[in-house]
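Some features that TrEMBL has for this protein:
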- 53-95: domain 'B box-type' (DOMAIN)
- 207-264: domain 'COS' (DOMAIN)
- 229-322: domain 'Fibronectin type-III' (DOMAIN)
């Protein structure tokens, strides 16, 4: 009922005022909110008994509005609560910045869930479209193939073990025969030792002789025989070791390897479905619908009029962790034709120290400011996960590879700066506003490489040491950006081994970037599976001609 009508003529309430925190009928609302007054600007809502305060106020200071957010306590503060000793040293930010930060995080998390939900729903729809009998038959066939391969692998292991056992037993028997022959040859020396025992008895009796002439007559021969006996004793040793202590085997490493033997672990769906392409005309075929971030084992065999050939060796295919991003190098920012040249198709770039830098180095006696050239992709990333790869020439002086916010890259490159200052070093995470960002991700994420090495910063997830590390520069470097999570992962593109992970601010469009300092060259890898394709094509041609 209306709270301002006088009883007993109180009318039913039709409106509520959030500012007055009261319910009104139409007439009373017009009466208490006259046109042209500040009350006319009050917010009217439906009638209710629980009015939500229009502005949040502090519980302890009812006249103060909540204008700050304490990240340490995770609570809202008014200006008076902010000054308390309980919040000294805490990370406090304005409510507007907290609002923007939390809104962006929640939006990214919601978009990530929606994207994964769509993928799951699409997979579930495919599952529903397939007949149950077909899926059951496919499971039975694939399990039988896997079991056959398992038995074949175990049989091969048994064959190798039996062959190795025979070889070692043969070697052991040869060593036994050789040592037995050597010890038999020493039996003649044993006969001489037995003669020495009789000589000692004769010598003891000789020493009891008291007649000097008789003693000297017999002692001359006895002395010569004693000298020969001593020589035999000094040089006698077993020519072969009968213990065979060097023929003990240590199979702990092999037992550990056998006990850890398991199926190939694959990413993505977690299983590898067998697929056979029987009707292939020619010497090439395209295999589509491969899962991302998975491992596939491929082999081929040729066929001609004589029949089928032997299967090729198994080739392991590591699919990229995300869809491949195709782009070209864009030189719209600060390209100096004197120092940087782009190749045909704008997928290759080479930087050489220009004449200006050489003249500056000739004039400088103490120090010289380095010059840098920035190249970016002609596309920007605004959502999803993307993967691309490049190769840096090992002889390059310094090359930075990574991503960055497009607007921040322009600001960083065009403003004059000292390249030796960590405030402007993209690897350090300290840009012009990082001190005020309160643990926000940096707008850049770069790895520095040069002279055949790659620098892994100490803040990476895969580097737990106290300082930065250097690793050999891989032939191909892969990058995977997860826009929703704000995370950039660097891979060895050949084996897809993770080298380093870093965070980057993805609140605005992000683009791949490359920076040259001194001489260097890089090449974008457009056809990531070209080497694998050539290998498989070679095997197919070879087996078909065999």
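Counting begins at 1 with the first residue displayed.
Including glycine, each Cβ sits where the backbone N, Cα and C put it.
Curation plays no part in TrEMBL annotations; they are all automatic predictions.
From a predicted model like this one, the values you see are computed outputs, not experimental measurements.
When pLDDT values are averaged over the domain 'B box-type' (53-95), the model yields 83. With DSSP classes pooled into helix, strand and coil, the tally for the domain 'COS' (207-264) is 35 helix, 0 strand, 23 coil. As a summary of secondary structure, the domain 'B box-type' (53-95) carries 8 helix, 11 strand, 24 coil according to DSSP.
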